[in-house]
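Notes for the one structure printed next.
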Amino acid sequence: MVSQVLSTVLTVLAGVAAALVVYWVLNKLAEALPGPWENRIKPYFYVAPAVAAIGVYLVYPTIITVINSFKNSDGSRFVGVENFVKLLQTPAFRQTLLNTLLWIAIVPAACIVVGLFVATLADRLSFRAEKAAKTIIFMPMAISAVGSATVWRFMYAAQPAGQPQTGLLNGIVTAFGHDPVPWLQQSTLHSNSLLLMVMLLWGQAGFAMVLLSAAIKGVPAETLEAARLDGAGEMRIFWRVILPQIRGTVITVFVTVLITVMKVFDVIYVTTNGAFNTNVVGLEFFNQLYTNYNYGYASAIVVMLLIAIVPIMIYQIRHFRAEEPA
Amino acid sequence: MTTQTTGTITPAASRRFRPARRGAQASPGRSGRRSPLPVKLSVLFVCALWIVPTLGVVITSFRTVDAANSSGWWSLLAHPGGLADLTTGNYSKAIEQADLGSAFFNSVAITLPAVFVPLLIAAFAAYAFTFMRFKGRDALFIVIVSLLVVPNYVAFVPIIKLYSDVNLNGTFPAAWLAHIGFGMSLAVYILRNYMATLPKDVVESAKIDGASHFQTFYRLILPMSAPALASFAIFQFLWVWNDLLVALVFVGPGDKQPITIATNNLFGQQGTGWELVTAGGLFSMLVPILVFLTLQRYFVRGLTSGAVKG
C-alpha cells in the first residue's frame, strides 16, 4: 500500500515536471532562433502540445471512425453503406433509437423544469436556506453512475412477494397490499426507461439549477418592480418577465444536457445493461465494440451520433462568433 | 455524474452572468418580502425527494446483512431502536474483500496526472491564444470550439488500435493520455476565455520591463488565472474520478482498475450482499463528494462563467 501511494505521488510529480520541461526546452529553442523568428515560432510551440492532444484524440479518430463506418466488422474491406442500412433495418436497433429519442425528448426538458422550479423558489428563501437547498439538489452531480446505481437500488429493488422488500417503491406498494413490482423489468410504455431517466435527472437537475439560478439573480430588479406596480401576479411575472430574460441560459442548459443524454451510457450499463428494452445508442455502441467486436457497426453508430451533433456544433460556433468582440 | 462529454459551452455565459454580482436586493424574490409557506414547503419537498434515495444507501451501509435483508432501510426511521445494531463492519469487509483499497489508489494514480498535466498544457495554449499574435490563431481556436461537442466515442476504436501498436492498453498512461486528449478542448476554451478578461496592459508592462513570454506566463498570468484553473481542475477531477467508460475501454478490469470498475464488479458478483455493495458504493463516492463540498464555490463559479462540461 505504501509503495503504491509513493509511486502514485511520484508519477504525478514526474508527469507535471515532464510537461514543464517540455515547455522550458521549447521556449529555449525558440529563444535560440534569430531575431524575428523567435516571436514568429514561439506561439506555435506554446499551442503545439494542446493541438497535438486534440489532434490525436479527437481529429484523427474522427476521420478514422468515419472511414471505419464504411468497412466491415473487422475493418478488412469496404462495404459501402451496408452497416448503416443493416443497423437501421434491425428492429432491435430501431427500438434502441426510439429509446434514445425518448431520453432526448424527456430528460433535458425535465432538467429545465426541475432546475427552474428550485431556482425560482429557493431565491425567495433566506440566504442560508437557499444555500442548503441548492447544495442538496446539486450534490448528486458529484456522484458517479456506479454510485447512483447503488443509491437507486434502494428505491427500485424488488423481492419476491411475501418477503420483506428492500426497495422503497415496493415497500410502499406492498404496504398498500399489492404485489411487489420488478420496476426495471416493466417495459410497458417504456416505464423502466422512465425510471432510469429519473436517475439521470437526479444527477443533472442540480447543474441546471445552478446556471438558471445565476441567470434569475441577474434579472434587473427594476423590470420586476415595474411589473409588480402594474399589478402582475408572481406567476405572470415569472412567465412574462423573468423567463424571456433568461432564455439564453435556458437554451445553454438544454443543449448541454441534450448532449449528455445523446451519449448516455453508464446509467444504463450499470443497471439493466440494456435488457427489458432499455437499450440506448451509447450502450449499443459499447456492446458492438466489446461484446460483438463489430468495429463497422460501432463506427456507424458513432457517425450517426456525429451527424446528430453537427447542428449543435454549428450553433456553438455561431454563438461564439456572435459573442466574440471583433 | 454521467459525464463523458466534452460538453457544450455557450461563450455567452461568461458575459451573461456578470451582472449577477449585484447585491441580494436585486434578486426577484428578495424585494423585502418574507418567503411564503407554500414556497418553503415546495422547496422542502423537492429536497426531500433528492435526499431520500441517498438516505437508503447510507442507512443500509451501516446495517448488518440480516437486518438489511429482513426489513427495508426505512423501517429504521420508524423504529429507532434498531440504531443500536448499526455497524461499520461492512466498510472494512468491503475494502478487504473487494480490494477497494487498492482500486482507490489506482483511481488516485489515474486521476491526479489526468487533472494536472492537461491543466498545464492548456494554460500554455490559452496564453498563446490570448496574448500572442500568430497566423491562423483565430481559425485554430474556432476549430477547438467546434470540437467541444464531439463525443469521445469517436476515439475508442482508433485509439485502442494505436495503443496496441505501442503496448499501452491496460496501463495508467493509457488512461492519462486519453483523459488529457478528451479534456483538452474544454480546458483551452475555459482558460482562454478567462485570460481574455485579464487586463492586457499587465502583459504589456511586463514586456517593457524585459520579461519574456515564459516569465510573464509563469509569474503573472498563471497566478492570475487561479480561479479558472481551479474550476477546470474540479471538473476534470470529478469527470475522471467518476469515469467508468474510458477506464473500461483503456484500462479494463484487473489490478489497475479504478474504483468505479471495482465497485461495479461488486454488483455483478453473485452472492455479494447488500452490505458490501452499499459500503463499496459509498466509499467510491467519498472523495468526489468531499471535493465537491469543499470546493463548491469554485465549481459554481466555473459553471456560471460558462465552463460547462455536459
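Placement of Cβ uses the backbone N, Cα and C atoms for every residue, glycine included.
A TrEMBL annotation is a machine prediction, not a hand-curated record.
The annotation domain 'ABC transmembrane type-1' is assigned in TrEMBL to A:97-314.
Panel annotation: around the transmembrane segment (A:6-26), residues 45-46, 48-49 of the same chain, lying at least six beyond its termini, place a Cβ under 8 Å from a Cβ of the stretch. The transmembrane segment annotation in TrEMBL covers A:6-26 (among others).
Outside the transmembrane segment (A:46-67), and at least 6 residues removed from its termini, the chain residues within Cβ reach (under 8 Å) are 19, 22-23, 26, 299, 302-303, 306. If you look up TrEMBL, you'll see A:46-67 (among others) marked as transmembrane segment.
According to TrEMBL, the transmembrane segment annotation covers A:101-123 (among others).
Remote same-chain residues near the transmembrane segment (A:135-155) are listed as 118, 166-169, 198-199, 202-207, 209-210, 266-267, 269-271 (criterion: CB distance under 8 Å, separation of at least six residues from the stretch ends). Residues annotated as transmembrane segment in TrEMBL: A:135-155 (among others).
The annotation transmembrane segment is assigned in TrEMBL to A:194-216 (among others).
Here TrEMBL flags A:237-262 (among others) as transmembrane segment.
Listed as Cβ neighbours of the transmembrane segment (A:295-315) (distance under 8 Å, sequence separation of 6 or more from its ends, same chain) are residues 62, 65-66, 68-75, 79, 82-84, 86-87, 255, 258-259, 262-263, 281, 284-285, 288-289. The transmembrane segment annotation in TrEMBL covers A:295-315 (among others).
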